[in-house]
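Here is the structure we will look at.
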Amino acid sequence: MSWLEKILEKSNIVSSRKASIPEGVWTKCTSCEQVLYYAELERNLEVCPKCDHHMRMKARRRLETFLDQGERVELGEELEPQDKLKFKDSKRYKERLAAAQKASGEKDALVVMKGAVLGVPVVACAFEFSFMGGSMGSVVGARFVRAVEAAMEHNCGLICFSASGGARMQEALMSLMQMAKTSAALERLSDKGLPFISVMTDPTMGGVSASLAMLGDINIGEPKALIGFAGRRVIEQTVREELPEGFQRSEFLLEHGAIDMIVDRRDMRQRVASLLAKMTGQASPLVVSVNDAPNEAPYAVPEANKKG
């Protein structure tokens, strides 16, 4: 080995210290793969500023950014899941629950809060998809019924942000029963003349889409949200036909009348508050009082020329 090769040998070269970048500062859009400053993405409600892709949002953050500050009260937080069936597949259900609670920071897959949106009273609930795929079990059903009862008690509307893969298989029939339980609760809400607005986010599938998510007086979808019962691959294998482009996306569902409207997440507060106000007979938060309108400049109507 020559003297030059010894100098250039990697072991003799002092490596330059890499600048350490704290984790969580940068992230990447899951659609266009644009590198994004995470703080800016948070301010934009998890919507990519380049391609407007709506990323999945934590349930608690969704409610905290949707409801007015200072008026939020959580409901049903004392309810916790139990492994009554002692269920075990590749892993015990208790272990799955513990892992999901640690990863998501929630006790179960639904968060319920009472509050107001732009001054309009409302009870709102949101699914936490990172908790076992937002699956609906007995606690999710119980918390949703608690939300319905709170809406009836306070004579206000109910809104639910769905993000779920469906019923929780580890709870077997008890999870399937929640489909009927939540649907019956919404029937009581309807009998009292109170509105239910369902917002379907990406993804809303399975037993949740087949029950509470599609029972809204107004059904709203977020842009490009996956909404349906069975997955595309399962349907294609069953019917043995190729499905059209964009099948089960919110735009496709709107075009075919399955949902009522698509609303950008950044416009959700104003749109929902306006709908709730109209459906409950309250003053719309978007309507400005006539007394608050700016005064017009004085204008004199010219007299018509008199004929001599």
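Counting begins at 1 with the first residue displayed.
Using N, Cα and C of the backbone, Cβ positions are placed for all residues, glycine too.
Marked as domain 'CoA carboxyltransferase N-terminal' by Swiss-Prot: 25-294.
Counting residues 6+ beyond its ends, the zinc finger (29-51) has Cβ neighbours under 8 Å at 57, 65, 264-266 in the same chain. What Swiss-Prot records for 29-51 is zinc finger, and it gives sequence analysis as the kind of evidence.
Taken from Swiss-Prot, the feature Zn(2+) binding site applies to CYS29, CYS32, CYS48, CYS51. Around the Cβ of CYS51 (Zn(2+) binding site), 11 further Cβ atoms fall within 10 Å across all displayed protein chains. Secondary structure at CYS51 (Zn(2+) binding site), as computed by DSSP, is coil.
Counting neighbouring Cβ atoms within 10 Å of each of the binding-site residues (CYS29, CYS32, CYS48), the lowest count belongs to CYS32. Other residues of the chain with a Cβ within 8 Å of the Cβ centroid of CYS29, CYS32, CYS48, CYS51, the Zn(2+) site, are THR30, SER31, GLU33, GLN34, LEU36, PRO49, LYS50, ASP52, HIS53.
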